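J.: Take a look at this one; I'll ask things after.
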Amino acid sequence: CSSFSEVVLMRAILNFLRHTYRAFIVDDGSKRVVFVTAEIGMISQRLRLEVLKELELKYGDLYRQENVILSGTHTHSGLAGYFQYTLFIITSKGYIKSSIQPIVNGIVKSIDVAHKNMRPGRIFVSKGEIVGSNLNRSPHSYLNNPEEERNRYKSNTDEQIVTLKFTDLDGDGMGVFSWFAVHPVSMNYTNRMVSSDNLGYASYLFEQEKNIGYLPGEGPFVAAFATANSGDVTPNTRGPYCINTGERCDYLNSSCPIGGTRMCVAFGPGNDIFDSTRIIGENIYRKAKELYGSAKQELRGSVHAAHQWVNMTDVTVQLDSTHSVKTCKPALGHSFAAGTIDGGGDLNFTQGAVEGDPFWDGIRDALLGAPSKEIQECQNPKPILFSTGEMNWPFPWHPDIVDVQIITIGSVAIVAVPGEATTMSGRRIREGVKQKNAAFTNSEVVITGLCNIYTHYITTYEEYQVQRYEGASTIYGPHTLSAYIQHFRGLARAIAEGKVGELPKGPEPPFFSNLFSLLGEPPVDRSPENTTFGDVLQQVHPVYKVRDKTFVTVEKFHNSTSTWEVVHTDASWETRFYWIKGTANQSNATVEWHIPLSAESGTYRIRHFGHYKQRVIFPVITAYEGSSHTFRVTKTLYSL
């Protein structure tokens, strides 16, 4: 077997609209695989198809659906508007070209940079545990799994972190890739700012330590953190309380006597959402750093990739020699509308509903039509709220065709799960890939969620019976997990037997035209009284360094050269940028710099960059900027 010293890439980190895209390419001399993490909620089918189109134009068949995995970190504070199915179009205000295009550009450019910077290297794998940084948010569902199965594990969450360390041939660090099971919802539903959340903060800390002197999103060292089987896992480790009474929420349905599910909220370990994000992110970063420093097990062998498109609405699963079951057309249950302890619904739905509600069912039937008997029987015991598999106007509401994919790097197998697998579902997928497959028996099988297309949740059959939020959101019915395991096992078998080329490609997904935005045309902007757009706040300097786009800079003055140095941008954890849409076509931007203890004494200023819209004959977009007065930062006020 050849080692990976043939070619290993690092140096692929790009910031677009303050989302970071990190690309890793590994080549064994004859085959290569690509893994990209994007700090967005999930990868949509349309986004993946758009990226693959761009890659084909640039690279031919070098980077294609078989060997490229795209994974979203699942931050809940990212862009929307990049989906082609109706449910997501409605909930994210349409298909928004100004959202999807920067994401496509960012992913493709990260691969471009990775491609150009490939060089020989080595890869090491290590794993450990992070205790106290995740909590099962549906323990009642988890307890419905067989007792003998639960007894094999010490926790109802996966506390394992798996880390890949990338170095050059001299042993100098090039990057790190880590997987940990946690929902990036430390920045909870009250947040209104773009944020990469806890996993993004772990990346930020690692890269800032390694890329000394570089701004966020720059520098040669790349640190990626992806979510694993985190479907039922929250970072809000203090658990759920009724925010109006301070009492514990009801255990079975996560609701409060007064206010229902909306009042039941889980809290993180910190004083607020920023502090909680920092604590969870630091915990993940510290353990990854420890594993990175102690990694000794080198990966050797070849890289492989296997991919299929599957019609998940019509999969027959063979349970044994005499019994088989099938998946269903997609549907969402009543408990989907209840939300979770990380953000409850506004209406009177509760988790754990196994019966419908005549009021809401009547409204559904009048507006959308009643679910067919066939889908109700298939999805049983789910009481169907939206029979999305039978709703096709103006486009299908949910996907039928889904990606399943595995890539292997030596003894590490990365399973690209197209949704959110719960703790036990992820464990069963790992076991399923290894089962009856000697080539994978000693492999480190890693679950990567939110890959290639979004299909909501994947619970076990037993968890599905309880119909909490995760079960109600398992759209292809009670045998969804079994169907995925069957297909992932088939991909692993094809890799082990060298028969990837014989795998059926499967039915190609649709690429819809005439997608539309539900956002109205932005209004023109007005300046406050006694001011004019274009007023010069500060004259230009004679020399500037090229800088990536940013809304905010914090700049330090150097007396020796009479120049300003950018020390923070809007990608920095220490800065916060609030934009509030006001009345009469006026808005307000607030910039905050939370000064870290590491800040050097000196003279600083804060600058903001933006654009305003006017209508002369046609709409005109004009750039503007603003600057604060200079101010001093000192270690003690007495120095003033």
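Cβ from N, Cα, C; glycine included.
Feature table excerpt (TrEMBL):
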- 18-486: domain 'Neutral/alkaline non-lysosomal ceramidase N-terminal' (DOMAIN)
- His74, His183, Glu420, Tyr457: Zn(2+) binding site (BINDING)
- 488-546: domain 'Neutral/alkaline non-lysosomal ceramidase C-terminal' (DOMAIN)
- 547-633: domain 'Neutral/alkaline non-lysosomal ceramidase C-terminal' (DOMAIN)
J.: Taking the Cβ of His183 (Zn(2+) binding site) as centre, how many other Cβ atoms lie within 10 Å?
T.: 26
J.: As a quick check of your reading of DSSP, tell me how many residues in the domain 'Neutral/alkaline non-lysosomal ceramidase C-terminal' (547-633) are helical, how many are strand and how many are coil.
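T.: Residue counts for the domain 'Neutral/alkaline non-lysosomal ceramidase C-terminal' (547-633) by secondary structure: 0 helix, 54 strand, 33 coil.
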J.: Measure from the Cβ of Glu420 (Zn(2+) binding site) and count the other Cβ atoms within 10 Å, all protein chains considered.
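T.: There are 27 such Cβ atoms around Glu420 (Zn(2+) binding site).
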J.: Take the mean position of the Cβ atoms of His74, His183, Glu420, Tyr457, the recorded Zn(2+) site. Which other residues of that chain put their Cβ within 8 Å of it?
T.: Thr227, Ser230, Gly231, Gly419, Gly449, Leu450
J.: With an 8 Å cut-off on Cβ-Cβ distance and a minimum sequence separation of at least 6, pull the same-chain contacts of Tyr457 (Zn(2+) binding site), or say none.
T.: Gly231, Gly419, Glu420, Ala421, Thr422, Tyr469, Glu470, Gly471, Ser473, Thr474, Ile475
J.: Which ones in the same chain are close to His74 (Zn(2+) binding site), with CB under 8 Å and 6+ residues apart in sequence?
T.: Gly41, Met42, His183, Pro184, Leu199, Thr227, Ser230, Glu420, Gly449, Leu450
J.: In this predicted model, what is the average pLDDT of the domain 'Neutral/alkaline non-lysosomal ceramidase N-terminal' (18-486)?
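T.: So the average pLDDT across the domain 'Neutral/alkaline non-lysosomal ceramidase N-terminal' (18-486) works out to 96.
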